[in-house]
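Comments concern the structure below.
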Amino acid sequence: MDPKRLSSSSQQQVRLRQKRTKREWRPLEDRSCTDLPWFLLFTVFCVGMGSICGFTIVTGGAARLVFGYDSYGNTCGQRNEQIEGVRLSGLDHTDRKFVFFLDPCNIDIVQRKIKSMALCVSLCPTEELKTYQDLKRFAMVNGSELCSYELAAHRYPVLEQRTTKCPKLPVPPSKPLPVFNRCTPVDISCYARFAEAVVTFVGDNSVLHRLIAGVAASKEIIIGLCVLALFLSMILMVIIRYISAVLVWILTSLVVLGSLAGTSVLWWLYIDYRLYGNDTSSKVLKEAKEEVEVTRDSGQALLVYAVAATVFTIILLLLMLFMRKRVALTIALFHVAGKVFIHLPLLTLQPFVTFFALLLFWIYWILVLLFLGTTGNPVQNEETGLTEFRLTGPLQYLTWYHAVGLVWISEFILACQQMTVAGAVVTYYFTRDKNRLPVTPILSSVLRLVRYHLGTVAKGSFIITLVKIPRLILMYIHNQLKGKENACARCMLKTCICCLWCLEKCLNYLNQNAYAATAINSTSFCTSARDAFVILVENALRVATINAIGDFVLFLGKILIVTTTAFAGVLLLNYQRDYAEWLLPLIIVCLFSFLVAHCFLSIFEIVVDVLFLCFAIDTKYNDGTPGKEFFMDKALMEFVESSRRLERAVERGRSRVKEVASEGAEIKPMMFAPGRVRRIKKQKPGGCHILYVCPSATPNNQPKKNCRETKNNQI
């Protein structure tokens, strides 16, 4: 092969590589798959999650959960095989389809399960059975034997084993569950003890019944208030751009005034103590010296608090002084974010889609977890003598694998939402003519995500999982050791949990900006995270202002929605005079309204963050000149113009200061180095002479331009 042709082709490849690596920071039409190995790894992991579900179905765990099984390992409604070492196993329960517990109220609150013996019966008792004679009559008439299989029904009243192998009297009436075929008592007071363990404020059964009755009676009002919270959240996202300026400045004023008032009160208390505390101390000194020491400590504490509050107030005022320009940027971003929701109305559906996807996955995860609880080898419980199914050996790690899947896939779904929103907002920002936006930018962003960037989302969510799982493990250890560990260990655990939580929040914010950078440049996760981090560091003060003020404004929005919904709930529930009846419905409404407001305003927060990243990129790589026109909205353009005017004013002030300083520097050689200057004498009309002091290089014919006029001919 010709070496010249080879060298020219290699040079073309180098130029092509350099062209690809150059960042244009504009949405690319020609995209490529990013982080493909991580997509393959996530796919393999999801296949493993599905394999666990298949394993539970094949080994009978799913059937035992759905159809139920007795205390001898027999699945109800099926023909069973003999289990080695377990008596009364391998029975034909084709006609016995329901699980009946001999003592359904014997609940293990710690393990959250019923400790009673379970049997497969053909019919649940619909009436209360008070005596063993009633048990015999029920078995003879309906063919459903409620005692252990080895006991004959006609001998129930006279058998000695009836106290341990027959149900506890009286037997409450029960009904089978629709899907899981368990005989459940009709009277829920049987589970009052369990309810007390879950809801600690319930003191007796009557309170529990009244609370449940209040929820049942107010279900229409609860649904209506939840719809109201949903409607208010959607409206707030659109109108927040009109009230953001008022909210921001009110918030700033309240914070400054509050800090000044708090500092003033602390100093007033300290001065009052200094003025009037001495007389009290002298009286107390005669009574006891210990009380004097306590009083002195109080005075020192007041002084420390006052000084600390003063330092905090000074720092706060300085921050407000230096960051006042960046507050205007926060207001402009909120204004543009409101426009984004007007042009992209499908963004309001993102919380519904994400919640629905998470709900489906969580239901699937819980079902598989329950399947795992009834999967494995039959093991006889040493305490109760009942047969249970447990995973042994390497199979017990399936539960841990399943737990990791809960965190990773949940974070993956949330990351997909962030990537979708970022892609749509990036398309909106970098489209100059908003009338030429795609018909459905949200769907276009979803398609780009599925086709190119699932690997990036999988990698980012896995990083969050690596931080979240240790934190959850430490929280579990802390709860298990509560009251047993010493103070040092408790402090270390809480410190580690807090540090991991902070790290998780920082990584979440960086991931979100990395997804936005990927949506712009179609780069891998690490490259996008590095580029976004550089941009954020260059605008650190702006980031701090937006996160501090913007997050608090959104928090005020959440409080506004909750309080409005709660006020409407109080008005609607006011006709129920018993406060205990509408307390629980009101709590449910407030929790739901806060959850809805958080979901919607979190989308608004993502939009603001992505807009800021686009704005920072736009101002860094464009300056408004031909060929480098800005992409930003009019509101952001006004902010840039005002910033530029302020910078020009500052530059003019600096140039004037430099001119004055240079003039002063020129005077010194005239006064102290006469050899370096010369005097020029000019005659004015009328015979008056003027003396000019000039540098040696000044032309003789231009004394007034470069020289200084002296008075009385003195230097």
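Note: Cβ is positioned from N, Cα and C throughout, glycine not excepted.
Owing to the predicted nature of the structure, the values given are computational and were not obtained by experimental measurement.
Listed features, source TrEMBL:
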- 36-58: transmembrane segment (TRANSMEM)
- 221-240: transmembrane segment (TRANSMEM)
- 247-270: transmembrane segment (TRANSMEM)
- 302-322: transmembrane segment (TRANSMEM)
- 327-346: transmembrane segment (TRANSMEM)
- 352-372: transmembrane segment (TRANSMEM)
- 400-430: transmembrane segment (TRANSMEM)
- 552-576: transmembrane segment (TRANSMEM)
- 582-615: transmembrane segment (TRANSMEM)
Near the transmembrane segment (302-322), which residues from the same chain, at least 6 beyond its ends, have a CB less than 8 A from one of its CBs? 252, 255-256, 259-260, 262-263, 266-267, 269-270, 273, 541
Would the transmembrane segment (327-346) count as touching the transmembrane segment (582-615), i.e. at least 3 C-beta pairs under 8 angstroms with sequence separation of 6+? yes
I'd like to know if the transmembrane segment (327-346) touches the transmembrane segment (247-270) in this structure, counting it as a touch only when three or more C-beta pairs sit under 8 Å and are separated by 6 or more positions. yes
